[in-house]
Amino acid sequence: MQVPSIRVVFLLTAVFCVGVKSDECKTADVVVNVDASDDVSDQDFDKLKRAMLMMVRGLSIDDNQIRLGMVTYGSEVCDSIPLQGDRLDLARTIRYMKKPTGPSKPFKGMGEARRMFSSRGRYNVPHITMNLGGDIVDTEVKDLMDETDKARDEDIKVMAIGLGAKVDRDEIESIAYDRDQAYFMDDEDDLIRKVKEIPDYLCKIIKAKKPKVSGGKKSKPAKKVDNGPAGKSPGFDALKQSDDKSDKAKKVEVKELCDDAEWVDGVGYGSVPTRCEDFVMCQNVSGSLRKTLKSCPFGQYWSKRQTSCVLTEDEDCSDDLCKTMLLPSREYDVSCRAYWKCEKGKSVARCCPSGMAYEPGKGCVLDLDCDEECPPKNDGDDDDDSSDEDDDDEIEYNPNCPLRPIKGHPEKFKQHTGDDNWEDFDCAPGTLFSARDCACSILGTAKKDDKNDDGGDAHKVCEPELYLPFCDDLHDYSGKETHVENEGDAVIIENGKAYFNGRAGLKIPRFSGVPYGKSVFIKMKYKEDEDDDKNKNDDDKKLRMKRDERSRKDYLKAILKRDDRKDKTDDTKGRRIIDRNDIIDDRRGRRKDDRKDGGRDDGKDGRRDDRKDNRLDDIKDKNDEPMTLISNGECDNFELNDCFEKPSIAITTGKKSAGFSVTSSEKDEVDLEIDEDKKGYLWDKEDGPDRNGKDKDRNGDRSDDRRGYYWKKKDKDDNGKDKDKKGDKSDDKKGYYWKKDKDDKNGKDKDKRRDKSDDKKSLDDIVREIERSKGNGKDDNKDDEDDDKKGWKTVSLKISNGHIRGRRDDREDKDVLDGDLKTTFSGFQIGQGASNKNFKGYMDEVYIYFCDPGKEADYDDEDDDDDDDDSDENDKNDDKKDGKKTDDKDKKDRKDGRDDRKDGRDDRKDRRDDRKDDRKGGKDDRKDDRKGGKDDRKDGRDVRDDRDRGDKYDKKDDKDNDRLSDKDDRKDVDDNDKDDDNEKLYKRAMKKCDYVNKNVAKWLDKR
């Protein structure tokens, strides 16, 4: 059972104000061993993880201060976190650590901690192991003591914390570096309460000088071996020192390696702990044991089973750091260009291109001083090479690969297209070509020197790294074929738009660990979904709310129409009294009668309504929380509201605001905010203020808020007196009178005030309204487009050479950033991240540039203008050709017209003769009709009597049929309207996607 996350947040807030006070105690490498065997319940294991999270928050975790690692063990080591200084990464990994199984084997946890210090520990930095567990089984005490003694010899200080009332105090004290470094706690809850004291415990053991007696023997820390620059691991390099330096710890270590060696023909071969790529050779020379450390060839591991070096993919080394390492790559110390890349949990050797070096956390970067060979050549492997210029190509050339590298351009490769033809291709941004893999599998970005530029880049077009118009599912239209993940197809793509339901998002893993450069531009078009989740699935509640609102409005209208009631207002109770008996409660819209009330407590109802209003305000505030549009960090948006990897880019949106958060590589954080209520108002300043400092409208009249009336100064007659305006409401305020403005076509009062424009309208909307007012008639297609544009917003973030600009529609905010944008390893995430609510709504387009596009438009209108110009010229040429044909046709038409007019005169003469004959025959017909009419009227009376009798019986059936037919008609109308809406959406989507396809094709052709 997991502990509620909210309690964790409160505990963290209370604890993390302590910290480490002394500067001497702020630098150390700490590994925590946690006993999570079958003796520990799932609930207690969750409490241990809570304590670890609290400790991560309380310590000064940083790459230059305290680095923390963690090991959980049962019968075997389960999960381990390498030493690192990333607080967010540690918190994320701790929360998702799994509980191991089996009986407790604490010596295995201690051994894993020793290997971690040997491979990743810093030089001249205190190494601390915190052993956290319960009672130790007697059979495991000896093995644990042996590992503890080895840790002391390697100058690792052990802090022991015993949990539970059954722990043996003597055993815990014997494990500790000295008795003062042993602590006892009742249970996991007691550990949580005392976790704030752990920084003091660490400071105490860091300052400890001399170890005391442990296990009946004195154990002195081994002397450190100077192995070169700071930051290198002393574990393996200490074994490489010459035999002249007879260090006791070195001899013990090498002796242990030879004890476990496999002997073949008088030579022993043994593996080296934590170094899968190394082995030791043991030989008996003149009665003494000679030890020689060897390294496997590039990209190979030592296989104890085969007693030889094999490819890393063929050997399952238990000490392979890729089994527990979170980063995708790490340093390989055989060359400045070499590094290990994690693939499917195994390490694979890779080389950076020439002129580049591997830098941990960044990948391959430009380094002209790195001129080492990669793979390095072993002794005796020197063959006759053709020339120095071809060395790099020969090293990275794979004869079984149809692709070849291009010298000086690691971001490109050649592909054989038939015969003797080779064509150049570009790798995906952020990757470099590897001949060994026959693919663009190297993480990094190639950078060219200014000296080698041939001037071609001056006219290079800034191309998007990602362009998602959502026309063909999640197809990237930038030409880079970027893969976009849609887990579970939770994001719905339809009609050229993507719908996010508030619990889904898109992920772009390609941008993980890729340097962004000095310029980044992101642009998105979106529309928020205004439906409330709680009311969306509660149709009955919606119907009740609508019904009550309609009843309240109708009742108030009926009351206002009654002139026999006198309105009174009681300001103290917030009620409007209609007469002596009736009371209207404005909040509920219901009429109350004092005589039937029976002593109703209006104050109590008012308080109840206030509480209801507060709840509604809380729901409204919750709905106004910012939602994430895009980020490049991995965050938890539902539990602790914390980021495991803090994003360096985050764009959020609210109903009236937009936020932009940017973090540089220099740890400079900049936050921009665009708030419609505070920034970016559009004021109409054409009419200045009047003498009283108030804004005048267009006509110079003083506006007022009284139901469409406005103040207008009275006109003067010839004698200087005010004219009487019929129908105007006079007023005795200095020659001004009230005048009601004429209603518009919709029955609404026109607004005469122009002091400032509506802050919800953008400048583009105002311009479009003015243009529509100048046009004649209405354009249905244009109205459809305007309806489709309602609610859509455009947000963009531009970072260029240290300058930041965030914009939403026509409002923007600017600032300055120190350094380049920080690289993250979470990729880009659309619709989620940054510890905010997931986005709920629609997205129309998404652009990501790693350059400065200059203009914010994705594809300029220049292409369309060119097409229009070409079409105009073609139309002119066609008109000239058609002109000659038109003249000949006109002559023929005039001749035919004369013949037609002659025939028309003959036709009119024939029609006059026909009318004469018709009048003569009409007289005879009327006589016959009068005679037959008498008989028909008699028969008609009989028919009416029968029909009346039948209508009495059929009236009920007709009403039922009418109701059914009306219901069917309404259903058909609704279905037709729905089909029309879907057809409109489909047409708009096709129009948009046709435009996108046409312009993208032109852009790719130009590129």
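Backbone N, Cα and C define each Cβ position, glycine as well.
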Can you tell which of Cys351, Cys352, Cys374 is bonded to Cys364 by a disulfide, based on Swiss-Prot? Cys352
According to Swiss-Prot, the cysteine among Cys282, Cys296, Cys336 that forms a disulfide bond with Cys309 is Cys296
What are the helix, strand and coil residue counts for the domain 'Chitin-binding type-2' (255-372) according to DSSP? 11 helix, 59 strand, 48 coil
Under the DSSP assignment, what numbers of helix, strand and coil residues are found in the compositional bias 'Polar residues' (651-664)? 0 helix, 11 strand, 3 coil
Between 0 and 100, where does the mean pLDDT of the domain 'Chitin-binding type-2' (255-372) sit? 80
